[in-house]
Amino acid sequence: MIEADRLIQPQLQGQDDVIDRAMRPKLLDEYTGQDDTRAQLKVFIQAAKNREEALDHMLIYGPPGLGKTTLAMIVANEMGVNIKSTSGPVLEKAGDLAALLTNLEAGDVLFIDEIHRLSPVVEEILYPAMEDYQLDIMIGEGPAARSIKLDLPPFTLVGATTRAGALTSPLRARFGIPLRLEFYNVKDLSTIVTRSAQVMGLAIDSEGATEIAKRSRGTPRIANRLLRRVRDYAEVKHDGAVTQKVAEQALDLLDVDGEGFDYMDRKLLLAIIDKFMGGPVGLDNLAAAIGEERETIEDVLEPFLIQQGFIQRTPRGRIATTRAYLHFGMIKPE
């Protein structure tokens, strides 16, 4: 099974982007969760508006699906300015970035998703633009080439990344506002599910929303995706309303268990428990045992299991924790 096949993957798939857009909150007061980040942003935005200045450059980082793009849109809405969106891989040449920068108006937000994937050439252009609101452009080629400086209006760069450590130090240092997004708790996710259901015109009770939230791996994008699949089940198998029982039946049918694990998560945990006596087991052996690439385990399967305390990463290899044994109704050997 590859990552794109998984219902509970946090990355965008299918029509996620179009549907997520319809459900996105527009203002900070509508945004649920990330309380510390929200409180900080309210202060920074109000201060910038009082001084009639562009907001400082902002780096939003954290696991995928937590609302980095949504937050960038909200910043633009709160500041009352336009937002232009792009992503690191799209900006292949310096001219691609220059075209975007020269079309910005004073105070506008430039949002670059996957900013850790910017090419070095494009990144070099970005430094003076961020620091001095200037664009250095080379005119001509060879010995006759010369550099000219263009003044840019004050703007706010909002960079988003799932891998803050992959940013170069010079780029990271130019962001005045670093914001880390954390996984959501069940209460906040339940609120998000309820709001999304209202947008969809779907009847859902609090227990139904909580059941979906519990299995959403702390991620709003997954919660909204599961909600859409539960709606399908409710309309076909029941009267269209989502209760706890309906949500449980639908998610069990989809093979998403009470912890938000799917077949691949359980396969990985059981391999450590059954084939390697709970570990420690090296990554290459584990990959061979479950028929997956080591990169898939490291980047896709492991992070959530480690974050939730089901796997422990040690110098000698991976170990299944007591919590992993309990999940399958087993007792961990002493």
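Numbering starts at 1 and runs along the chain as displayed.
Yeah, the Cβs are placed from backbone N, Cα and C, and that goes for glycine too.
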Legend entry - Residue in ARG38, ARG215, ARG217, ARG221 which Swiss-Prot records at the ATP site where ARG24, GLY65, LYS68, THR69, THR70, GLU131, ASP132, TYR133, ARG174, TYR184 also bind: ARG221
Inset, instruction - List the Cα distance (Å, whole number) between ARG313 (DNA binding site) and ARG221 (ATP binding site). - result: 27
Legend entry - Around the Cβ of LYS68 (ATP binding site), the count of other Cβ atoms that are within 10 Å: 22
Inset, instruction - Cα within 10 Å of THR69 (Mg(2+) binding site) is the criterion; apply it to the binding-site residues ASP132, ARG174, ARG221, ARG294, ARG318 and give the hits in sequence order. - result: none
Inset, instruction - Tell me whether ARG24 (ATP binding site) sits in a helix, a strand or coil according to DSSP. - result: coil
Legend entry - the region 'Small ATPAse domain (RuvB-S)' (185-255) - residue tally per DSSP class, helix then strand then coil: 52 helix, 2 strand, 17 coil
